[in-house]
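Marked as active site, proton acceptor by Swiss-Prot: D66. Here Swiss-Prot flags H62, H64, H140, D211 as Zn(2+) 1 binding site. If you look up Swiss-Prot, you'll see D66, H67, D211, H269 marked as Zn(2+) 2 binding site, on the strength of sequence analysis.
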Amino acid sequence: MEITFLGTSSGVPTRNRNVSSIALRLPQRAELWLFDCGEGTQHQFLRSEVKISQLTRIFITHLHGDHIFGLMGLLASSGLAGSGQGIEIYGPEGLGDYLEACCRFSSTHLGKRLKVHTVRENGLIYEDKDFQVHCGLLKHRIPAYGYRVEEKQRPGRFNVEQAEALGIPFGPIYGQLKQGKTVTLEDGRRIRGQDLCEPPEPGRKFVYCTDTVFCEEAIALAQEADLLVHEATFAHQDAQLAFDRLHSTSTMAAQVALLANVKQLIMTHFSPRYAPGNPLQLENLLAEAQAIFPNTRLARDFLTVEIPRRTADPAIAMSTPQASPA
């Protein structure tokens, strides 16, 4: 389970940063989920290791252009009208109308493989055997939703050696024991599966909050997350701009991380005003956040972040981008 940042700038792209988009890779099922799709996102796919062919779900936070202007181009290029798997999109009310209008005026036909789910309230919006996705209404100028992806806990490792020592015959019975069930052997012995399994492995939690000013819903959504990606459009000294435009500062993002007891915070969605050469730069925002929540990082385009299993090293590993800057 890992994420790749495809865009980390707010409002407009810069020479080194595209606008918002994050890809969540689920390697165990060769599947890719996308969060937001700013202008140029499909170009970022081409410059990265993530594959459009694995894309199955897109989660849109809100309908501002820097989060959706790349959506139509990406969908048109993804082969929805032909063979291959479909794509399901989740987002605020109006997203379906936007896509319909784009298709109508551009004479684009996406076929029947696209399904749009309108998000209208907090709560569970998707679930399968491995994952749950919840959304929460944030505080922005238009309806904006944060998303929480939660992996379900996995059964603990089955102790085959112990089972063999007990004389349990290999076969379908092992599958029942792995599920923690109690089985009765032919000789009358009752074996509890839970006695042959290690403790269940907790699932991982990834939370994405943007665009928003500091709010209680972000804290609730991010509770105990392994990784929180939170917008930090402004520096602390520009807090009035954040309140006026309902965006977050670096210190607001850090406060959410602290109050939600997350493991790691990665800030994104930076205003171009902090680009290199300006009096205040992103390193200053990082220092502000780390003073509140030390385990904070800055996102950059093409950065890939692995979210390790809870039984692994608790430190989240960060790999070096392999692609050239956008």
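Heads up, the Cβ atoms here are built off N, Cα and C, so glycines get one too.
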At 10 angstroms around each C-beta, which of the binding-site residues H62, H64, H67, H269 has the fewest other C-beta atoms nearby?
H64
Close in space, distant in sequence - D211 (Zn(2+) 1 binding site), Cβ under 8 Å, 6 or more apart:
S10, T61, H62, H64, H67, L138, H140, A144, E231, T233, L246, H247, H269
Three-state secondary structure, H64 (Zn(2+) 1 binding site) (per DSSP):
coil
Neighbourhood of D66 (active site, proton acceptor), C-beta criterion under 8 angstroms, separation at least six:
S9, S10, G11, V12, V19, S20, G38, E39
